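**Q** Take this structure, written in structure tokens, and hold onto it; I'll ask about it next.
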Amino acid sequence: MSIRPEEISSILKQEIERFSTEIETSNVGRVIQVGDGIARVYGLQSCMASELLEFPNGIMGMAFNLEEDNIGVVILGPDEDIKEGMEVRRTGRVVEVPVGPALIGRVVNALGEPLDGKGPIETDMYLPVERKAPGVITRKSVHEPLQTGLKAIDSMTPIGRGQRELIIGDRGTGKTAIAVDTIINQKGQNCICIYVGIGQKASTIAGVVKKLQETGAMEYTIVVSATASDPAPLQFLAPYAGCAMGEYFRDNGMHALIVYDDLSKHAVAYREMSLLMRRPPGREAYPGDVFYLHSRLLERAAKMSDEYGAGSLTALPIIETQAGDVSAYIPTNVISITDGQIFLETDLFNAGVRPAINVGISVSRVGGAAQIDSMKRVSGTLKLDLAQYRELAAFAQFGSDLDKATQARIIRGQRTTEILKQPQYHPLPVELQVLSIFAATNGYLDDLELEEVAAFEQELHTYFKANHPELLARIPKEKWKDIEPEVRAAVDAFKKGYGQRAAANQ
């Protein structure tokens, strides 16, 4: 076999022409210290705040402290494989998460990575976790109701779309239950829900997901999970990641509801990161910017004006108190940021009043504008009546010689308290809530035994569904003054029949 010189020269010529001299440049730093989920990196002079940094084994970190000669990096994952001297590369982008309809029905971590074993999330849309809150011009005042399905809330501390309503109470008082009931009640309301579990036990979040699946609520819900076993940086990022997912729907003219469960553990995770980074501690060892930590998150919940799509993002932050102390640092911060609070009490919970809402100090600063007319009219004096009843009940313990008017008020207060009780995972449509509260405030329950109230309410609802479905459908839409006579006549007819049946059974 003979080799011709011209062939060799032509092959060499082709190879030389194909040869490219592109040089890949990357900004590289080196790990000088690692431990407790943080790393100090030397180099990377042009690194941005909150920029994603890549370690050799694929683990990501976030630039948290930009100092004179090094960078404090929080590691978004396990830090066992990161060693001193390792290279760290810039990515040129800040922390961002996938957003869009592809996330609905999924359980993801704080970086938007799936945890439910249903395969990758098919979306090419990403948003940074830290975004500026909408300005004054782009907003509109809250005017549409967001029904929780809970009589005690929708009547006395109503929530509107775009509002921030704090749920606050000791552990074990039913805070998560209220949030989950609200999510379940959004079925058919064109509202995407996001549940963010921060620092919870993995079993607790699994229980919430199971209940949402059983009730069919997972069809319109995203769950963002940062459990107690996750590193503090992931617990810190989780609410911002969930908020970015909700903002996608808000900015596209849709309605979204986000639950942060809970922001006490979020503040603790941030405190841990700050102290490890040697930031100066303040009150209760929290860093000085812990107020801004929550205000910049909750300000992103908004009702957008019509020119900007008229979408909304409603936030239900949860705060856990210690022995009912609402004057601690984090509770007072979040109370001052939000548009009202629902305060849950251990004593009420243990007395069987569930949801265990303390009517006296629970308020909604904007939701009243969003109540439907019927609910506003029937529950107008409810809060005052209950407050007076509580006062009288405390006074009545000292003596039994009460006049008729005081006795009547106590009887009505007891029955009103009874009708506001509601079992977990049983949210009520607003028209049935109006019926129950109308019956309580107009004396239809006064002659019943306390034990009969729940059965009476159940039968009243069944009666209206069977005999007056068209009247029920009109309650949320029409003015109360136009339908009150018909509702009153129907309730009178039911009460008459109920009284006769009760007499026959005796």
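A Cβ is built for glycine as well, from the same backbone N, Cα and C atoms used for every other residue.
Marked as ATP binding site by Swiss-Prot: G169, D170, R171, G172, T173, G174, K175, T176. The site 'Required for activity' annotation in Swiss-Prot covers S362 and is backed by sequence analysis.
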**Q** Three states by DSSP: which one describes G169 (ATP binding site)?
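**A** Going by the DSSP assignment, G169 (ATP binding site) falls within a strand, counted as strand.
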**Q** Should K175 (ATP binding site) be counted as helix, strand, or coil on the basis of DSSP?
**A** helix
**Q** Using C-alpha atoms only, work out the spacing between T176 (ATP binding site) and S362 (site 'Required for activity') and round it to an integer in Å.
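**A** S362 (site 'Required for activity') has its Cα 17 Å from the Cα of T176 (ATP binding site).
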**Q** Going by a 10 angstroms cut-off between Cβ atoms, which of the binding-site residues G169, G172, G174 has the sparsest surroundings?
**A** G172
**Q** Quick check on the recorded positions T173, T176, S362: which one has the highest count of other Cβ atoms within 10 Å of its Cβ?
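**A** Selected residue: T173.
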**Q** Which Cβ among the binding-site residues (R171, K175) has the fewest C-beta neighbours inside 10 Å?
**A** R171
**Q** Quick one: pull the CA-CA distance for T173 (ATP binding site) versus S362 (site 'Required for activity'), whole Å only.
**A** 15
**Q** Restricting to the chain of D170 (ATP binding site) and a gap of 6 or more, list residues whose Cβ falls under 8 Å of its Cβ, or answer none.
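**A** Residues satisfying the criterion: E320, T321, Q322, A323, G324, L344, E345, T346.
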**Q** Once G169, D170, R171, G172, T173, G174, K175, T176 are set aside, which residues in the chain still have Cβ within 8 Å of the Cβ centroid of the ATP site?
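**A** Going along the sequence, the neighbours appear as E320, L344, T346, F349, A356.
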